[in-house]
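Down below is the structure, laid out as structure tokens.
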Amino acid sequence: MGLLQLLKSQFLCHLIICYVFLVSGLIINLLQLCTLPVWLVSKQLARRINIRLAYCISSQMVAILEWWSGTECTLYTDPKSYPLYGKENAIVVLNHAFEIDFLCGWTFCERFGVLGSSKVLAKKQLAYVPIIGWMWYFLEIVFCKRKWEEDRRTVNESLEKLRDYPENFWFLLYCEGTRFTPKKHQVSMQVAESKGLSKLKYHLLPRTKGFWVTVQSLRGTAAAVYDSTLNFRNNEMPTLLGLLNGKKYHADLYVRRIPLELIPEDEKECAEWLHKLYQEKDSFQEHYAKTGRFPGPIMSPPRRPWSLINWLFWSCLLLYPLGLLLTQLISSGSVFTIVASVAVCSAAADLTPQIFTGSSLDDWPD
Ligand SMILES: CC/C=C\C/C=C\C/C=C\C/C=C\C/C=C\C/C=C\CCC(=O)SCCNC(=O)CCNC(=O)[C@H](O)C(C)(C)COP(=O)(O)OP(=O)(O)OC[C@H]1O[C@@H](n2cnc3c(N)ncnc32)[C@H](O)[C@@H]1OP(=O)(O)O
Ligand SMILES: CCCCCCCCCCCCCCCC(=O)OC[C@@H](O)COP(=O)(O)O
């Protein structure tokens with residue numbers, strides 16, 4: 001293990017990264033709160049400010065993936081579609097099997113310049129997660145309760161509001177509705193069987209209602225669906241904790257641009273279309289399992305320096321006062337204060353792995 005790799009695996013480094021993320025995140029949440037009066041004067045200005053503030057939070061996580069862990073993200077896509085990415089609104093359909101799939105999504109958003117404005121159909125519980133959830137509130141993220149009777153109206157209303165959004169955005173939809181596990185897959189395939197639908201090997205049966213309402217609500221706003229299929233080389237199962245430890249992964253993303261006009265308007269036909277899409281996604285994963293690559297040419301966008309610059313900015317801003325505090329603490333010579341500080345650090349040590357395991361967020365009660 002090299003010296004740099006050893007440093008990246010040190011708990012103190014993780015503690016510092018978490019400290020910068022947490023404190024800067026709370027400061028940014030507070031700044032977002034301060035934009036509330038701006039909404040009354042100019043909604044578009046408030047939106048633009050919030051896009052930039054949100055970038056300051058999400059790009060820190062992207063920096064961990066791109067710069068700290070050095071994870072490589074390869075894009076397989078049609079060269080004719082490539083120039084349109086980041087230049088139009090789009091609905092992204094992504095498989096949901098990895099703890100860091102959302103982060104790989106964010107990384108591509110960053111490389112195509114739509115990170116601050118990127119959106120998702122997220123479960124309502126995530127709205128209450130400090131920093132990320134609170135940030136989403138100001139970004140007009142669409143939340144669902146996974147109760148169709150309620151979601152039908154609320155999801156439609158939230159999406160309609162995005163019609164006059166001032167900057168290009170990608171709207172992410174995990175049609176599978178939950179992260180893939182063998183157990184969920186088994187149940188899901190029983191549902192497929194009972195409905196007379198073809199089985200899938202690498203995906204759960206897609207939930208079609210959210211997709212249909214999204215496509216219908218964003219007609220005239222989004223230009224296309226980006227059908228995106230993600231996998232990792234060498235059967236890796238990457239984790240947030242792995243990234244924090246500086247482990248380098250290799251993500252491969254296959255994206256097909258499908259113009260929105262090609263998607264049926266009728267609910268039943270749209271559902272059939274989505275089931276067919278997931279059959280195709282399954283075949284791409286099969287191709288990947290056999291050959292170690294997706295079909296089509298590679299058009300990888302390079303990483304940009306902005307996520308690193310933002311991260312260094314917040315680190316410099318927040319580590320200086322921390323350094324001063326620690327110096328004062330040690331020079332105070334108070335045993336009680338020193339013991340209390342060590343206790344706080346130990347508590348943080350216990351919490352860090354929990355923060356970094358996606359499962360703690362997945363397991364929140366519905
Ligand atoms: C160039 C680069 C391109 C791309 C880059 C990639 C990405 C970047 C883009 C953007 C990034 C932005 C942000 C990312 C950041 C963070 C994301 C993090 C987290 C979010 C993750 C989540 O929260 S996922 C959970 C929430 N989302 C969803 O659930 C979406 C999918 N669900 C739906 O659409 C649902 O339909 C619904 C939620 C709208 C409503 O749910 P409900 O359950 O009420 O209704 P359903 O119709 O779905 O269910 C009833 C029917 O389902 C049948 N059923 C029962 N059991 C099952 C089963 N196990 N599997 C399948 N189906 C089942 C049941 O029989 C009912 O059937 P009917 O025939 O009666 O309809
Ligand atoms: C730079 C320092 C980074 C600090 C780390 C903070 C970590 C915060 C991560 C918040 C990201 C939110 C995304 C979580 C993904 C998620 O939670 O998906 C839920 C779905 O599967 C559905 O779950 P389920 O209820 O199981 O069906």
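Note that Cβ sites are derived from N, Cα and C of the backbone, with glycine treated the same way.
Annotation source TrEMBL lists domain 'Phospholipid/glycerol acyltransferase' at 90-212. Among the features that TrEMBL reports, transmembrane segment is placed at 12-41, 53-70, 125-143, 308-327.
Most Cβ pairs under 8 A with the transmembrane segment (125-143) among the ranges 12-41, 53-70, 308-327 are made by 12-41. Residues 8, 17, 20-21, 24-25, 28, 31-32, 35, 100, 103-104, 106-107, 110, 115-118, 131-132, 135, 138-139, 242-244, 246-249, 303, 306-308, 310-311, 314 of the same chain lie 6 or more positions beyond the ends of the transmembrane segment (53-70) yet place their CB under 8 Å from a CB of it. Here the domain 'Phospholipid/glycerol acyltransferase' (90-212) has, by DSSP, the following mix of helix, strand and coil residues: 58 helix, 17 strand, 48 coil.
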